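Asker: As listed in TrEMBL for this protein:
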- His73, Met75, Gly100, Glu121, Asp146, Asn178: S-adenosyl-L-methionine binding site (BINDING)
- 80-264: domain 'Ribosomal RNA adenine methylase transferase N-terminal' (DOMAIN)
Amino acid sequence: MTTAVQLFHSLPPIASLPTATVPAAKSSAGTRNQPASFHVVCASRKSRDDDYHATLKALNSKGRFPRKSLGQHYMLNPEINEQLARAANVEEGDVVLEIGPGTGSLTNVLINSGATVLAIEKDPHMVDLVRERFETTDKFKVLQEDFVKCHIRSHISPILESRKALNVSLIRAKVVSNLPFNISTDVIKLLLPMGDTFSEVVLLLQEETAVRLVESSLRTSEYRPINVFVNFYSEPEYNFRVPRTNFFPQPNVDAAVVTFRLKQAPDYPSVASTKSFFSMVHSAFNGKRKMLRRSLQHICPSNEIERALGDAGLPTTSRPEELTLDDFVKLYNMIAKV
């Protein structure tokens, strides 16, 4: 049986870790053209070595080993952490929520950028580790909770209110996280409707998930209700790819960083009820190969669905994978008038 120590000794030296790949931008026609305007920030060799070895030392302390059940894959390349912070434009005075701080390598970059960090960590051993690591700073607080079950608004609001009391101009916080892949969709669903609290959400996700959320095209099997949800509440942007060899333990897939710039309520598409709107969207995709006049007939008769489609300027034979967010909004509002 391979021990944790043997695995640590088998890790590559810091100099051999690959850097992130910046994608080419897409034109309106869907073809790649000029490189995206994202600037790579490289840490000094000494800081890279220090953070790399600090991460390994922290993980190896007390015989700790990443837990597969928690989706723990720790970042070994501090340059990626620097780029995550830059993607969110983290600067002096910011309040940043970090989900799953692990050993605190990204946390350290955020604090050094001038941010106050609230971290949510499920693993009690990691909570103790980062609490000890940052015990000398007043810019860090960690809570032992399962993020998908916690009431994050109640934790972040007092911090923002305290800033207002000090006449600090900060209005909303940011989210910057290297997420466990197995909770990414749940986290996105929780955070994106919180535009009143967060200005932007920068997440390191499984690359396939990142591409699907940002670049899924109409009339493809990758276009799903989550795409409508993401665009309803945010403006997503694919930042850069992160090769799997930058993690310990190494996952089976590459990762990528995505920025979601959150809309505030006045900027949401106009619908009477977001709950009933997304219920309609999910119903539409439950019969993905069906025409909408059939998949939505539990809402109202097929002939009324056809009339609503026509009034929305859509073919009466439309299927869900053919509709944009704006199309779904128009259809929902037409059905609401029936």
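Each Cβ is built from the backbone N, Cα and C atoms, and glycine gets one as well.
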Asker: So for Asp146 (S-adenosyl-L-methionine binding site), how many other CB atoms are inside 10 Å of its CB?
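Answerer: If we count other Cβ atoms within 10 Å of Asp146 (S-adenosyl-L-methionine binding site), we arrive at 11.
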Asker: Mean pLDDT for the domain 'Ribosomal RNA adenine methylase transferase N-terminal' (80-264), rounded to an integer?
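Answerer: For the domain 'Ribosomal RNA adenine methylase transferase N-terminal' (80-264), the model's average pLDDT rounds to 93.
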Asker: Report the largest Cα to Cα distance, in Å and rounded to a whole number, among the residues His73, Met75, Gly100, Glu121, Asp146, Asn178 that the record lists as binding S-adenosyl-L-methionine.
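Answerer: That value is 20 Å for the farthest Cα pair.
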